[in-house]
Ligand SMILES: Nc1ncnc2c1ncn2[C@@H]1O[C@H](COP(=O)(O)OP(=O)(O)OP(=O)(O)O)[C@@H](O)[C@H]1O
Ligand SMILES: Nc1ccn([C@@H]2O[C@H](COP(=O)(O)O)[C@@H](O)[C@H]2O)c(=O)n1
């Protein structure tokens, strides 16, 4: 027997989708600490963490027909076409059995944003934006040591350029709609999480 969430899934644009999901987009430059903080949020607030980058890397490993294209885009720090990433996100949302999602590293450009809205009809509850100085992000990425092909100085510089040119406009789009919760991410992990917790804690549960 499926979970309550599965049994109330609905059809959107010809495919099955989670009914009335709560979606928080988690954005910020490369190395700003999105993944690190998402792990903490999952433990405290019961969300499912979906990293667009992780889903794309898993797709390469799975030997999918899109694998080579995705690998080349990631090496160049470029944004994979929305159609591919949205399908991966939709599948992961359904498979999770949950209805609360942190969507990390998406939407990365205007095409991602508009396509997700068009295909899924989902409006994010809010956008968590990790604001971090570039020199700090560079330091973190160069010492991450997870064997990522894009954590080298040449690709890191390309990723910073894509962030400034393509991802910041998405944050501006949501800022204009009062959806952005900006966090100073240049501080130690625990301090950043204190600010994150305040965003996720309902107002009536906050201490005076
Ligand atoms: N507040 C922090 N202070 C110092 N180091 C941090 C902080 N947050 C994360 N890190 C470290 O910085 C590196 C990058 O963090 P993380 O992977 O969470 O960033 P990200 O924004 O998800 O990056 P990407 O977009 O490249 O996937 C990791 O090695 C992590 O342990
Ligand atoms: N919406 C997205 C997200 C990521 N990518 C590609 O993956 C790379 C790594 O992303 P991280 O979030 O794990 O840093 C990124 O540089 C892009 O090449 C994407 O195409 N679309």
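Backbone N, Cα and C atoms are what each Cβ position is placed from, and that goes for glycine too.
Whatever TrEMBL says is automated annotation, not expert-curated.
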In TrEMBL, 31, 32, 33, 34, 35, 36, 187 are given as binding ATP, so which of 91, 108, 113, 144 is in that site too?
-> 144
Site-mate of 78, 79, 80, 105, 106, 107, 108, 148, 159 for ribonucleoside 5'-phosphate in TrEMBL, selected among 57, 177 = 57
For residue 112 (CMP binding site), write down the residues of its own chain that are at least 6 apart in sequence and whose Cβ falls under 8 Å from its Cβ; none is a fine answer.
-> 79, 82, 85, 86, 106, 170
If one measures from the C-alpha of residue 31 (ATP binding site) to the C-alpha of residue 57 (ribonucleoside 5'-phosphate binding site), what distance in angstrom results, rounded to a whole number?
-> 17
If you tally other C-beta atoms within 10 angstroms for each of the binding-site residues 34, 57, 144, 148, 187, the top scorer is 34
Identify which of the following binding-site residues, namely 36, 79, 107, 144, place a Cβ less than 6 Å away from any atom of ligand 1, and list them by sequence position.
-> 36, 144
Please report how many Å separate the Cα atom of residue 32 (ATP binding site) from that of residue 105 (ribonucleoside 5'-phosphate binding site), as a whole number.
-> 11
